[in-house]
Every structure is written in structure tokens, then in C-alpha cells.
Amino acid sequence: LQGIFVLGLPYALLHSGYSGLLLIVLAAALCCYTGKILIACLYEENEDGQLIRARDTYEDIANACCKKLSPSLGGIVVNVTQVVELIMTCILYLVVSGNLLSHSFPYLPVTEKTWSVIAFVTLLPCIFIRTLKIVSKLSQLCSLVHFVIIFVVITYCLTQMHQWSWAKFRLSLEFENFLVSVGVIIFSYTSQIFLPTLEGNMKNPGEFRCMLNWTHVFACILKTTFALTAFLTWGEKTKEVITDNLPSFLETLVNLCLLTKALLSYPLPFFAATEIVYSCISNNNHSNYRSPLLALTVRGSFLLLTLLMAMFTPHFALLMGLSGSVTGAAMTFLLPSLFHLKLQWKRLSFLEKCVDISVFILGFLCCLAGIVCSIKRLLEVFG
């Protein structure tokens, strides 16, 4: 999904101007910070003052924070939020796949929904994925395709340097459009859902903070370069998905690359969502599947659910924006800062407490603004 959001960054700059460049950097710093404090919540000090990993998942952190109210309340809230976000992401991949195939082969008498079904058929083997190892290999291929897309767009933009002009940047802003830009920029960095599992599977977890720093630095540089070169090339003509601005021969090539990326990206959120549901059903047994038939049933049901919602949910993009505003902001800003304050309060300095509270307030405002804008647009559509 981050790759899809990246393609909207030039459009975000169109509506945010110079502040958009600052937001790309600020969002990288904030998401990197909340990733670190989320992982910090996995650890507790032992009697010798050494940090030990006392928890394994986002769910464990939530349960630890809410244990006085209910031993499992926090975990239920986090699991529901994660599953909703992951499933909506999977559905979006199917919708995007159908759209890309429709635009790549407009001369064929096939509807966009039919193309989504065709894309769905290629994803049926996902029900047999049982380990993260397979998913990680598909994600590596996805990253490779992503870099190819970015390289093609930036290379074309550099050939158009003669028409670049900084005068294309806006100084005045429309508040509602600016909020949309904020959402696109922030959610192009979100990865908190996967961080506890990632840190737990690293050969040297002590290098996690360094890894997170460098990945966000490189992501920030890449996204700033991509958004800036694309916006300077097309200016006011910049479209919501920047590939629509490319010449037809390049657009078809990039659309097929995007299709490949969408299909390769699907297994990760799908695997994560089904693992959460199955672990709840099988009493939090993460190590293996006691019932292969139940595991296949869960995965098959989720796979079919994503297709049905992609096919029959009207105005899915707006609904995605509404759910993303709630789940994305909650998982990225609200919950990490809240959990960090709750679990680490005695060890935090005054400055760290102020930063966590500020991040929480920012996350709440982003969530509220996103909900208001999404509901307003849904009412306009249905009104």
C-alpha cells in the first residue's frame, strides 16, 4: 500500500505546496519515533536492571496496558483494528488490480470488476501460505518492482528538466485539500503493525533502532525526490495517480509493473490478518496449525471476503479513507504513544512525556480531520 500512496505524493504537493515538503520529512520522523516507542513497550527491566523482552506482539502490549480493566480488552481492540486495516488493504489491492488491467487493455470487452476477478484467481495460492518466509520473498520482489516504477518515473521527469519551475508551488492552501495531502503523506510511512514481528525475527534485535532510522531516512529522501521531480514536471496538471500523467507507452509499462506490485503485496496483509484471526480461534497458538482444515477455512473465507467487498461495495475508496483515518491514525500515532506513556511512565523524562503527549494529540487531530472529510465526501456522493 505504501507504493500506491507514494504515487499520490506529487498530487499531495499540488495541494500542500512548500508545506508538503516539510510534511514528508516530519512524517518520516514521527513514524520512525512511534515505531521505536512501540518496540520499547515490548521490553521490561529485570531485577538486575537489564531489559528483557516481556511481550511479543502488539496485542500483548495492549493487554498489558488494560489488564486492570480486563485481561483481554486491549488485545481485542488492537486485533479488531489490525484486521480491519489489513483486510481493507487487501480489498484495495484487488480494486487497484482491476483498475490497472482495465486501463492497460482498454480495447478488450472486459469490465473492471471482471478484471478484479481475474486478479483474484491469481491470488488463490495464498490460502496455502503457512510461513512468513514465503511472504518475505514475495515482498522482496515487490520492493524490486517498486524501485523499477520509481526509477522509470524519475528518469522521465529528469528528461523534462527544461520546463521545471518553482513558481508552480502554491503559497495559499485550501484546508480540506491540505488535510487529504496530510493523510496521503503520513500513511505512506505506516508500518507499525508489522514491527513487533519484524523485530522479534531479527538475528540481532539490538540493531532495530539503527535499521529503523536508516530505512526512514532513505524513504524520506526517495519520496521527496520522487514527489518533487514529478510535481515540477507536471505542475497544475498533476493527477491523483502520477502514472496517469506519463506518455501512453510508459503508462502501460508502469501500470503493468503496478499490477505486479499489487499482486505481490497482497500476501503480506492477507497472511497477517489470517494469522491474527486463527491465533484467536486456536487460543493464541502462534507456533503451528493444530487443524489444517480450520486454517484453510479461515484463509479461504478471508480471500473470498476480499473479493466480494471489492466487487459489491460502492464507493470503496471513500470507505477506505474513512476506515484508514481511524485505524491508520490509531495504530500509527494514538496507541503507540498511549501505550508508551502507560508502560514506561516512571522511566520517561519530562521531555519524552511531552513528546508522547504531543504525538497523541497530533494523531487524534489527524484521525478526527480524516473522519470529518471522509464522511463529508460520502454524504456528497449519496446526497
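Using the three backbone atoms N, Cα and C, a Cβ is placed for every residue, glycine included.
Any TrEMBL annotation is an automated prediction that lacks curation.
TrEMBL has this to say about the protein:
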type     : residues : note
DOMAIN   : 2-375    : domain 'Amino acid transporter transmembrane'
TRANSMEM : 20-43    : transmembrane segment
TRANSMEM : 76-95    : transmembrane segment
TRANSMEM : 115-132  : transmembrane segment
TRANSMEM : 144-166  : transmembrane segment
TRANSMEM : 178-198  : transmembrane segment
TRANSMEM : 210-233  : transmembrane segment
TRANSMEM : 253-281  : transmembrane segment
TRANSMEM : 293-312  : transmembrane segment
TRANSMEM : 318-339  : transmembrane segment
TRANSMEM : 359-379  : transmembrane segment
Verify whether three or more Cβ pairs under 8 angstroms connect the transmembrane segment (144-166) with the transmembrane segment (20-43), leaving out any pair fewer than 6 apart in sequence.
no
Can at least 3 Cβ pairs under 8 A be found between the transmembrane segment (359-379) and the transmembrane segment (178-198), with each pair 6 or more apart in sequence?
yes
For the transmembrane segment (115-132), find every same-chain residue at least 6 residues outside the stretch whose CB is under 8 Å from a CB in it, and list them.
94-95, 97-99, 101-102, 197, 201, 259, 262-263, 266-267, 270-271, 289, 295-296, 299-300, 303, 306-307, 310-311
Answer yes if the transmembrane segment (293-312) and the transmembrane segment (76-95) have at least three CB pairs under 8 Å among residue pairs 6 or more apart in sequence, and no otherwise.
yes
Taking residues 6+ outside the transmembrane segment (253-281), which of them lie with a CB under 8 Å of any CB in it?
1, 3-4, 7, 59, 79, 82-83, 86-87, 89-90, 93-94, 96-97, 100-101, 103-104, 119, 122-123, 126, 129, 132, 134-135, 138-139, 141-142, 145-146, 148-149, 152-153, 193-194, 243, 246, 289, 294-295, 298-299, 302-303, 306
Near the transmembrane segment (144-166), which same-chain residues lie under 8 Å Cβ to Cβ, leaving out any that are not at least 6 residues past its ends?
3, 6-7, 222, 225-226, 229-230, 232-233, 235, 242-243, 246-247, 250, 253-254, 257-258, 260-261, 264
